[in-house]
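Participant: Below: one structure in C-alpha cells.
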Amino acid sequence: MNIFEHDIQNLSQGNVVAILGSQWGDEGKGKIIDILSKHSDITCRFNGGANAGHTISVNDKKYALHLLPCGILYENNICVLGNGMVVHLKSLINEINSIGGNIIERLYLSDKSHILFDIHQTIDSIQENRKLKEGKQIGTTKRGIGPCYSTKVSRVGIRLGSLKNFEHFKNLYLKLIDNLMELYDIKDYNKEEELESFYKYHLLLKDRIIDVISFMNNRLNEKKNILIEGANAAMLDIDFGTYPYVTSSCTTVGGIFSGLGINHKKLNLTIGVVKSYLTRVGCGPFMTELNNEIGAYLREKGHEYGTTTKRPRRCGWLDIPMLLYVKCINSIDIINLTKLDVLSGLKEILLCVGYRSKGTGELLQKGCYPVDEDAPENYEPVYEQFQGWEEDISNCQTFEELPENAQKYVLAIEKYVDSPIVWIGVGPNRNNTITKK
C-alpha cells in the first residue's frame with residue numbers, strides 16, 4: 001500500500017517523507033515522527049541543533065531528544081545528522097549515553113556539518129544580554145545556535161570532518177577560539193580542557209563522520225524508506241519567519257535539500273504538523289495571542305513549557321492565514337492536527353480566518369502573511385466563532401466519535417487550508433491518534 005493512502009503501517013518501498021512544523025514550533029511533531037520512524041529505514045535531521053526538542057515515550061520510558069532523530073530508538077533504523085546542522089558534541093554524547101546500548105553504530109554525521117563549541121553558547125548569552133539592555137531581546141535558547149551559524153556563514157567555522165584529523169582540527173580550533181575570545185572580550189575560557197574532550201570525541205566518532213550526500217543518494221537508489229525530521233518550524237525560518245524573532249537556519253522544505261544534499265524530486269510527501277491552537281516561545285509578534293484566562297488555561301492544560309528551555313509558552317488562537325502562507329512555502333500535502341483534546345472544556349473557540357488592515361480596512365490577500373515586526377500595529381485578526389465542547393475526547397478512536405462541535409472545528413480548518421487532515425491528536429500517548437479517512 002502506498003503512503004499516499006495514509007496507511008502508516010504499510011509504507012511502500014522508496015518513500016521519502018518529510019515532517020515539518022507549520023507554526024512556531026512545539027506543534028507536537030515528535031509523536032507522528034515516532035510513529036513513522038518505526039516503519040522507515042533511515043531517519044534524518046537537516047537543520048538546527050540542540051535548540052529543538054522531542055519527548056518520546058517507548059515502552060513506558062521517556063526519552064528527551066534534542067539532536068538525535070527519533071528513529072534512534074528503533075533497532076532497525078539508521079539515523080543521519082545532515083550538513084545543515086550545527087552539532088554540540090558534548091550534548092550529542094550525553095544523549096547517546098542516556099539512551100544506552102550500541103546506538104552509535106546506527107548513527108552517521110555529515111562531515112560538512114559545523115561544530116558548535118561552548119564558546120558559541122557564551123557568545124549567545126553575551127549577545128542576548130546586550131539586546132535585553134537595548135529592549136530588543138530575541139528570546140533565544142542560548143544554546144549557541146546563532147553564533148555557530150554566524151561563524152559558518154563568515155567562513156571561519158569548523159566542520160565536523162576536520163575532527164577526523166585531530167592535529168589539523170587542533171590548529172583550526174585554537175585559531176577560531178583565540179579570535180572569538182578577542183572579538184567578544186572573553187577572558188576566561190578553558191581551551192585545554194575542551195581540547196581534551198574533543199580528542200575523546202575524535203576517537204569515538206571518527207568512523208561515524210561520513211560524506212552524507214553520497215550516503216543518502218546511495219540509499220535513495222536502493223529504494224530505502226527515508227523519514228526527514230524537521231526541527232523548529234516554518235515561522236521560525238531565517239528567511240520566511242517573523243524576522244528577527246527567528247532561528248538561524250532554514251526550517252522550511254528548502255532546507256531539506258540544502259541540509260541533506262538530496263534531490264528535490266525525490267521527496268514524495270510533506271506532512272505539515274499543526275497544533276489545534278497556537279503557541280510561541282520567546283519574543284516577537286503574535287497577533288492571536290491570548291493574554292487572559294483562556295491563554296492560561298491552554299498553557300496549563302496543554303503543558304505548554306519548552307522542552308529545551310522550560311520557558312512558559314505564549315498561547316493563542318489558531319491562525320489560518322499563517323497556515324496558508326506556510327502551505328505556499330512548504331507545499332504541504334497532508335496535515336497532522338495535534339492536541340485537539342486541549343480545547344475540550346472551552347465554551348467557545350475562535351479561529352483566525354483573515355487579517356484586516358487597520359489603515360484601509362482591506363483584507364490581506366490569501367497566501368500573504370504579515371511577518372514584519374510591526375505587523376500588530378498595522379493588522380487586526382478576523383475571527384470565526386465556534387461552539388466548544390465539554391467531553392473528554394482522549395478515548396475517541398474515530399473521527400465520528402468526536403463531539404459534533406469538535407468535528408465542525410476540524411472540518412473548518414481543513415476547508416480553509418484546503419489540505420486533508422489525516423491524523424488528529426486527542427491525547428499525549430501514541431495511541432491517542434485518530435486516523436481520519
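One is the number of the first residue shown, and numbering goes on along the chain from there.
For all residues, glycine too, the Cβ spot is worked out from N, Cα and C.
Annotation comment: Swiss-Prot describes 25-31, 53-55, Lys62, Thr307, Arg313, 339-341, 425-427 as GTP binding site, evidence class sequence analysis. Here Swiss-Prot flags Asp26, Glu27, Gly28, Lys29, Asn51, Ala52, Gly53, His54, Thr141, Arg155, Asn232, Thr247, Arg311 as IMP binding site, drawing on sequence analysis. Look at Swiss-Prot and you will find Asp26, Gly53 tagged as Mg(2+) binding site, backed by sequence analysis. The active site, proton acceptor annotation in Swiss-Prot covers Asp26 and is backed by sequence analysis. Positions annotated as active site, proton donor by Swiss-Prot: His54. Sequence annotations record features per position, and here Swiss-Prot assigns substrate binding site to Thr307, Thr308, Thr309, Lys310, Arg311, Pro312, Arg313.
What's the neighbourhood like for these features in this structure?
Facilitator: Of all Cβ atoms in the protein chains displayed, 19 besides its own lie within 10 Å of the Cβ of Gly427 (GTP binding site).
For the recorded site, Asp26 (IMP binding site), the DSSP three-state label reads coil.
Asp26 (IMP binding site) counts 27 other C-beta atoms within 10 Å of its own C-beta, drawing on all protein chains shown.
Taking the Cβ of Arg313 (GTP binding site) as centre and 10 Å as the limit, one finds 22 other Cβ atoms among all the protein chains shown.
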Participant: DSSP three-state call for Asp341 (GTP binding site): helix, strand or coil?
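Facilitator: The residue in question, Asp341 (GTP binding site), is helix (DSSP, three-state).
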Participant: Between the Cα atoms of Thr309 (substrate binding site) and Thr141 (IMP binding site), find the distance and write it as a whole number of Å.
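Facilitator: Thr309 (substrate binding site) to Thr141 (IMP binding site), Cα-Cα distance: 6 Å.
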Participant: Can you tell me which recorded positions out of Asp26, Asn51, Gly53, His54, Thr141, Asn232 are within 10 A of Arg313 (GTP binding site) by Cα, answering none if there aren't any?
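Facilitator: Within 10 Å of Arg313 (GTP binding site): Asp26.
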Participant: Fewest neighbouring Cβ atoms within 10 Å: which of the recorded positions Lys31, His54?
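Facilitator: Counting other Cβ atoms within 10 Å of each of the recorded positions Lys31, His54 gives the minimum at His54.
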Participant: Report, in whole Å, the straight Cα-to-Cα distance of Gly53 (IMP binding site) from Asp341 (GTP binding site).
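Facilitator: Asp341 (GTP binding site) to Gly53 (IMP binding site), Cα-Cα distance: 22 Å.
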Participant: Checking the contact step here: among the recorded positions His54, Asn232, Pro312, which have a Cα within 10 Å of the Cα of Gly28 (GTP binding site)?
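Facilitator: Correct set: His54.
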